[in-house]
Every structure is written in structure tokens, then in C-alpha cells.
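Listed features, source TrEMBL:
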type: TRANSMEM; residues: B:17-38; note: transmembrane segment
type: TRANSMEM; residues: B:58-77; note: transmembrane segment
type: TRANSMEM; residues: B:98-119; note: transmembrane segment
type: TRANSMEM; residues: B:139-163; note: transmembrane segment
type: TRANSMEM; residues: B:175-192; note: transmembrane segment
type: TRANSMEM; residues: B:204-225; note: transmembrane segment
type: DOMAIN; residues: B:234-337; note: domain 'Copper resistance protein D'
type: TRANSMEM; residues: B:245-267; note: transmembrane segment
type: TRANSMEM; residues: B:279-302; note: transmembrane segment
type: TRANSMEM; residues: B:314-337; note: transmembrane segment
Amino acid sequence: MRRSLTVLLLACAALLGAVAPAQAHNVLIGSDPEDGASIASGPERITLTFDQPARQGFAQITLTGPDGTRWEEGKTAVDGAKVSVGVRPLGPAGEYVVGYRILSSDGHPVSGKVAFTLTAAGPGSAQPAAAASASAVPAASGAPAQDPARDPAENPGLSAQAAEAAQNGGAGMAVVWIAAALVLLGGATVVAMRRTRERTEAP
Amino acid sequence: MTAVAERAPEAVAVRRLLTGGLVSGALLAVVVATALGAEEAVPGIELPGPVVAYGLPVLRVLLDLAAVAVVGLSLLPKLLGFDEPERTEPVMRRARPMAVSFAWAWALLALTVIVFQTAELNPGSVPTPGMIAEYVDNVGAGQGMLFSAACALAYAGIGLLAVRFGEKVPAELRILVALFGLLPIPVTGHAVDSVWHDPIMISMELHVMGSAAWTGGLLTVMLLVARDRGLLAEVLPRFSRLASLALAVVTLSGLVNGLATIALTPGTALPGSLLTSEYGLLVVAKTVSVALLVPLAAHIRFRLLPRVERQEATAVAAWAAAELTVMGLAYGVAVALTTATIS
């Protein structure tokens, strides 16, 4: 009984160590332009505000026009709880849909959309849309590679951790350790299982 | 071996019913919940393909079930007791290699889940080792899975020692390592950002450990002990005490987690969000499954247990199979719950 209690206490001690890293799920609480807004002239940037900071990297915002053309420009920037992207001068009047997919602070992707209506046609033309949408994809997938360096002030703990991990060989080293452990344990499993089978069959 | 051989067809059928109920319940629930709560298509944003969208939750629930089996098999020596090794040792000789195999499954599933989680964040591309390293470096959910895999591997190592040296390897050590491996799993799920964060996380950990002990204990007792009526008469009352405690802990912590998460998330309000949000509906589904478990568990505890103690023939395994199926459903819903949108 006492040994069981020790186990329980140790497990609880481990709990206290393990609770810290869990983070919450980001929720969109506001946007500029607002969802459902009608505006006369196109915004320069689209900014989405979440209830808590989003993770660096993996964030992606797109703006799709009334005829399916794309209007966002440049990379999606994460500044704490605000995630924003530049917008080219908008073209035809109608409904524009902002689509987003960000990495929530709990590590889950969170996606959704916000729509606004442009009441008066702007000066922009849809021509570079193909180029914009083509560049958006590599920008999004390229972003994570640079993110620890891009904004060290944003999450000093994380980037320090990443730097430390990089010094030790990072996840690459962990993979080697895991692979070695797998091989060792796998061999031991095969040997032990064979032996028990022999032992149980022998008598 | 002769006793087993005599009752072999019946025993095999019951074993299929027990594991089949748990696994199919879990898979059914997770696929249905995933289909209902799929990420909505957003114009201009590429979403993960069906292989990742369905593969990840299915792997996650299989991971949970492997961990449940490991926890259950670790608890078995404590439930059997150490006083009569000549009666309990044959059971343990079958349990120990099973525990090692399930620990392997747990570790490999956890590593595969990391690959799928990386793929989920990078839709439209097959994850490269670099992307996976990036993911594990940056995201707590990846580190949690890696820690869980490491614990499962450590368990496999200790389990091998137990296969070789028997109960000289302390049962408590195996229980401890198995529970350690469970700890990071809730970290990969939801939490809320508030002063209540730590209490809610502790309640979540209790929920995970309680449900693993309950489900795993029931599964292993029914699979490995039920055929020996004399042994079952001693083991089931012991397990029953553990199960009553687990039922209380799981119900209470589950309600606390679900309701607190909804109450503390901006843009949601109780009780309305219980029926309007995906998260709320899944919380309701889990509450319903506990409500189904209570009469099943009570039937075993109050009607069948006295007869099991008198070593009479009972349909306890069939009732346990029904209970395990409902538990499987709850596990499936739980996996969907960890990534469901709250608002």
C-alpha cells in the first residue's frame, strides 16, 4: 500500500512538471476590416486579432475576390495576437473573403474565414492574381524555416530553446538516439520472446 | 494448457468480443466525430487531404488504446496479488510479453502521429525529416508525443526485464513508467488561457490516468483472468474498488474540464454552447457515454460480483464487453474533442 502511495505521489509530482507547456486554443476575436463590414475603399492590410498570441510560422492569410481572384500580397506576419497580410489595391466591387489558417498556441491548426463587401470598385486589376497565389504557397511553407531568427523578441524562451537544441544537434540528434534505442530494444525483444517461447514449450 | 484447450472456442469468442468491442467502438466514434467536425473549407487556404484528416485521429485513438492496454497489463500484478505465485504466475507469464508488444505499438504509433501532425500543418506536401524536426522543435504537441514515445520505449525495456526476471522487477516501476507516458498526452490537446490553467490541467491528467486504469484494468482482467473462476473471485472485487474510484474521478474531472473550457473561452457561454459548438456537443456525447457506463458498471458491481465471488457461472465477460464498447466510443470522442473548435 505504501509503495502504491509513493507511485501516486511521484505521478503527481510529475504532473506539476508536465502542466506548464499546455497552451490554449486560439480564438478569433476581431478583424480589420470586420466580418460582414461594407467598406467603400479597399484596406491596405488585413489584420486578424486572436485572444492570445499565435505561433510564429505556419500562419497563412489569403484574400479571395468576388470572381475567385487573389488579392493578398507578401508574407503573412505574426505580431503577438495580431496576424496580418498586405493587400494590393482592390478591384471589382463585391464580396471579398479572408481565409486564414494559423498555428494555435496549443499546436493545433486553426482555420476560418471573414468576409467583407467592397461597395465601390477600386483601381486594382485582377491580372497579377496568378502570380500572387503562386507566391503565397512557397511563402507559407518557407516561413517556418526562418521563424526562430525572424522574431526573437516575440518568444524569447522558444527561440532560446531552439538555439540550444540546434547546438546539441536538435531533433536530428534525438532521431539518432531514438533510432539506436529502437534497434537495441527491438533486438532484445526478439531474443527475449524467443527464449520465453522455448521455456514455456520445453517443460 | 489443458484447461485452456477445453474451453478454447468459447474463450476465443469472448476475447474477440472484448477487444473487438473496444477497438471498433473507438474507431467508429472517432471516424464519425471527425467527419462531423472536419475543418471547414476556406477559400484560398489549402487543407490537409483525407489521408491526414482521418489518419491522424485514427492513429491517435489506436495510440490511446495501446497505452490503455499497457496500463491495464501493468496494473494486473497488483490486482492479482503476490501471495500465491503458483496460481498467478501462469497469468503473468502471458501478460508480460503482451505488455511489451503493446508498449512497442504505443511507441511506434506516437512516432507516426508526430509525422502526421507535421503533415497536418503543412498541407499539400509530404513531410521531410527537416520539417518533422522543425515541428518537434517548435510545437509542444510534438515534444509531448516524443516524450510519450520515449516512455513507451522505456516501458518496453523494463517490460523485457520483467519477461526475463518475473516479479523481481517491481510492478510499481512499470505502473509509474506507463503513467508517465500518459502524462504528456493531454498536453497535446486543448487548454485554456487563464488563472485556472494549472488546476484544469491537473484535472485533465487525472482524467486520462483514471480512464486508462479503468478501461485497461477491465480489459486485462476479463481477457486474462476471467477463465479462472477461482482467481476471478479474488481479483474482480479488487478491481471493482479501483473501478469505483476511477468512475468518480473520470466523471468529475471530465465535467470540470469540459465545462471550464467552454466557460473560459471567449465568445462562448454556458449552457448554450453545449449544444451549438462542436466542442460542446462532444462533451455532451462523452457525458452520455458515462451515463451509459454507470448502469453497466453497477450491474457488474452489484448483481454479478456477489455471484462471481461465490464462483458461480456468470455472463460477466459479456457485460464487460458491452462496457468496453461504450468505453471505446468515449475514447473515440475524446480524440475528436482534443482538436475540436470550441467556439
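Glycine is treated like the rest: Cβ placed from N, Cα and C.
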Cβ contacts under 8 Å made by the transmembrane segment (B:139-163) with residues that lie 6+ beyond its boundaries: 67, 70, 74, 96-97, 99-100, 103-104, 106-108, 110-111, 113-114, 117-118, 121, 132, 169, 173-174, 177-178, 180-182, 184-185, 187-188
Contact set, same chain, for the transmembrane segment (B:279-302): CB under 8 Å, 6 or more residues outside the stretch: 33, 37, 190, 240, 243-244, 247, 250-251, 254-255, 258-259, 261-262, 268, 273, 316, 319-320, 322-323, 326-327, 329-330, 333-334, 336-337, 340-342
Cβ-Cβ under 8 Å with the transmembrane segment (B:314-337): same-chain residues at least 6 beyond its ends: 14, 17-18, 21-34, 37, 57, 60-61, 64-65, 68, 189-190, 211, 214-215, 218-219, 222, 226, 232, 236, 279, 282-283, 285-286, 289-290, 292-293, 296-297, 299-300, 304, 307-308
